[in-house]
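Just below is one structure, and these are the notes that go with it.
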Amino acid sequence: MPLYSQIRQSEDAFSEPTYAATNELINDNENACPHCRQERSESWFLKGGRSIVYVSLTFFVVSIGLNFILAILLYSKFHASSFQTEWSAAVADTDCVRRLVAYTPALDSIEYFATNLRDAYRSNDQYLGPPTKEREQMWQDLWLHEAIMVETWAMPLLNRINLDPYEKVEGELGDGYNALLQVHHQLGCLDILRQYTWLLSGKYTTDGIPVPIFLQKPPEENRRHVDQCIEELRMGLMCHGDMTPLLITKKRDGASGFKADMNTHYMCRNFTKLQEWTMSHGVEHWELGDGRGPHEHGRR
């Protein structure tokens, strides 16, 4: 068939061809030239294929970029000190403490340091042994301090809305309520347990070291007080749940069958700094046995 199947002879020979006529002409041309249809099909495929390739490459590059950013964010989260100066890392530690502890006015005094436990707190047995005047005083120096103040605005941070049961700070020292730090209460409880064991052993006498003020009660009341201290220490230990590994040595102990390395590596709080803060922020001195001291359990 000829390339053009007909030559217009009518008066509209030079008028614009209709869509049908144009389509017929294209079909006639492709019928006359079969490879034209194939070229048109291949051209469309190549153009469409390039688009798919471009989209795939773009998606791949974006995915790699997002994964890279995510990796940096995760690394910076778990290795923050790698991206911080020493000063900014210290600030981050303070922020961490604020998130992990209940409110305390002594927050800014909390400072951590890495140490082996016994290397930092070994006392050369100064706190051990039967009661002496010096030993009793050393124990009291650990825990018997003035009350500190929790300001009124901060009481809801301790989940306390009804403030009627709590003792207000007297005078012009501030608008707040008397409190003591839990560590001092726990050390006081430990001291009472120590004293109770020596009391049962007959080591406190009227002509030597007198019976501690908190244990000058009938035996059943003393026992009840000691039980309360045991319960306080149990709850405190369970609440804080120290998960520091206690390594087992190759040595064997006759009683338990194993011997642990008690000089455990710890992140400890600077106890000296806590003591200094407490002594500099005292608002009321409690005399032993005045009915309001740190170990009058259940009294307000």
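Placement of Cβ uses the backbone N, Cα and C atoms for every residue, glycine included.
Cβ contacts within 10 Å of ASN270 (N-linked glycosylation site), excluding its own Cβ and spanning all protein chains shown: 15. Look at Swiss-Prot and you will find ASN270 tagged as N-linked glycosylation site, backed by sequence analysis.
Looking at the motif 'HXXHC 1' (185-189) alone, the prediction's average pLDDT is 97. Taken from Swiss-Prot, the feature motif 'HXXHC 1' covers 185-189.
Counting residues of the motif 'HXXHC 2' (225-229) by DSSP class, helix then strand then coil, yields 5 helix, 0 strand, 0 coil. Marked as motif 'HXXHC 2' by Swiss-Prot: 225-229.
Swiss-Prot lists 52-72 with the feature transmembrane segment, giving sequence analysis as the kind of evidence. Proximity of distant same-chain residues to the transmembrane segment (52-72), defined by a Cβ-Cβ separation under 8 Å and at least 6 residues beyond the stretch ends, is recorded for none.
For the motif 'HXXHC 1' (185-189), residue counts in helix, strand and coil come to 5 helix, 0 strand, 0 coil, using DSSP.
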